[in-house]
Amino acid sequence: MDFAKLLVASPEVNPNNRKALTIPVLNPFNTYGRVFFFSWFGFMLAFLSWYAFPPLLTVTIRDDLDMSQTQIANSNIIALLATLLVRLICGPLCDRFGPRLVFIGLLLVGSIPTAMAGLVTSPQGLIALRFFIGILGGTFVPCQVWCTGFFDKSIVGTANSLAAGLGNAGGGITYFVMPAIFDSLIRDQGLPAHKAWRVAYIVPFILIVAAALGMLFTCDDTPTGKWSERHIWMKEDTQTASKGNIVDLSSGAQSSRPSGPPSIIAYAIPDVEKKGTETPLEPQSQAIGQFDAFRANAVASPSRKEAFNVIFSLATMAVAVPYACSFGSELAINSILGDYYDKNFPYMGQTQTGKWAAMFGFLNIVCRPAGGFLADFLYRKTNTPWAKKLLLSFLGVVMGAFMIAMGFSDPKSEATMFGLTAGLAFFLESCNGAIFSLVPHVHPYANGIVSGMVGGFGNLGGIIFAIIFRYSHHDYARGIWILGVISMAVFISVSWVRPVPKSQMRE
């Protein structure tokens, strides 16, 4: 099918798990397209609000509240700390209640402190407010778990990375949106600066609530309906299959069931691909195969012991710790990049350096999906998660090399600085996408816990690296090469860890 048509056509669906095999990016009228849209759009608005303070904090809010540089740094760290805690909690909540309801809950709860920004009158009040607004950063977890539930493993890396990349771009968009709203309120409404910045935060509040209501009334929990009934479909479909009314996996004949997702296509069984012949299966054998395939990917509500084993398994740590380096570096560098540019190129001015710094976040639109796309491409060619693992290791090592080069050279040339930053952005953000392409393979029955753990480690890395920058005394180049050394060492040290535990079901 033509690529342009894939973006708008109803997706083909795997009959074993009802997950889409393509991403209808431009088709919000389709169930899968609508879920994908709200996944990235809701996360983008959350990210926009989460990062809405730095663009106005540099001058306006700082002067109005008489904040010191230390208090500004503390507010940045506190915002990351809140998100770390929320992401760790969100994982089990997604497995228990489903990602859609968790997503909606986080948006609505996080919108309240966003609307209360106008009540802040002191630095301490702003720090406390940013802690609660940090709740919105936790929406990353349900965003990824929701996408994983609707898109097949052959395409889930692209879906997850594209949703996250578009969402992360909110961190760059806010550098343009919030100053534009602020300037408009002063110019067109005649508000003084100390009132205009407070009123400006009503806009993200309205957008966040609208997105949450859209999810609530127009989207489904899973491809088969309610989250609480996700296992019922598996049992009913298996019973139906045992009677012969199933999708014929070898011939592509469609089920006689009157309802179901559109465009369901058949999956070729491995023997067909290897031998070039089709081997009909007995209905009972097909039923068992479908049951095993669905059960292996169905998210359960793990017991406390099972959750503990998942969290501290080597396979989980092998994706969580690298994400602490890649996404943690992104968060930390985002917070200092404008100041770093201003330090090395003072003649550019605050506005111009801020716009160039925003481009680091904007590149997520292309770079993060690129990592997921490459990982999916290699997986389809090799049919082994090791392909994704090797790609991840390569991206992580090169990412570290770029940070080391940038830190030791401390460029004074605009071309060199922006070139190294763009190269770093590609490998760093592609690395983020590749990691969440691999996450669905690790303990798929506890995908929420794994996603929450990995997402939480990303914020933990951001906090640690932000502290490194804070105590580097504005020697940003030194802080960047330290991040590069740490990242390279981590990616090399976990490169040997199996991407999927031996005890896990077939891959």
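Note: Cβ is positioned from N, Cα and C throughout, glycine not excepted.
Swiss-Prot has this to say about the protein:
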- 1-34: topological domain 'Cytoplasmic' (TOPO_DOM)
- 35-55: transmembrane segment (TRANSMEM)
- 56-71: topological domain 'Extracellular' (TOPO_DOM)
- 72-92: transmembrane segment (TRANSMEM)
- 93-100: topological domain 'Cytoplasmic' (TOPO_DOM)
- 101-121: transmembrane segment (TRANSMEM)
- 122-130: topological domain 'Extracellular' (TOPO_DOM)
- 131-151: transmembrane segment (TRANSMEM)
- 152-161: topological domain 'Cytoplasmic' (TOPO_DOM)
- 162-182: transmembrane segment (TRANSMEM)
- 183-198: topological domain 'Extracellular' (TOPO_DOM)
- 199-219: transmembrane segment (TRANSMEM)
- 220-306: topological domain 'Cytoplasmic' (TOPO_DOM)
- 307-327: transmembrane segment (TRANSMEM)
- 328-357: topological domain 'Extracellular' (TOPO_DOM)
- 358-378: transmembrane segment (TRANSMEM)
- 379-389: topological domain 'Cytoplasmic' (TOPO_DOM)
- 390-410: transmembrane segment (TRANSMEM)
- 411-417: topological domain 'Extracellular' (TOPO_DOM)
- 418-438: transmembrane segment (TRANSMEM)
- 439-507: topological domain 'Cytoplasmic' (TOPO_DOM)
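Residue counts for the topological domain 'Extracellular' (122-130) under DSSP, split into helix (H, G, I), strand (E, B) and coil, are 8 helix, 0 strand, 1 coil. Sequence-distant residue pairs (6 or more apart) of the transmembrane segment (390-410) and the transmembrane segment (131-151) include fewer than 3 whose Cβ atoms are under 8 Å, leaving the two stretches without contact. The highest tally of CB pairs under 8 A with the transmembrane segment (307-327), across 131-151, 358-378, 418-438, is held by 418-438. Secondary structure of the topological domain 'Cytoplasmic' (379-389), assigned with DSSP and counted as helix (H, G, I), strand (E, B) and coil, comes to 9 helix, 0 strand, 2 coil. Ranked by number of Cβ pairs under 8 Å to the transmembrane segment (131-151), the listed stretches 35-55, 162-182, 199-219, 358-378, 418-438 are led by 35-55.
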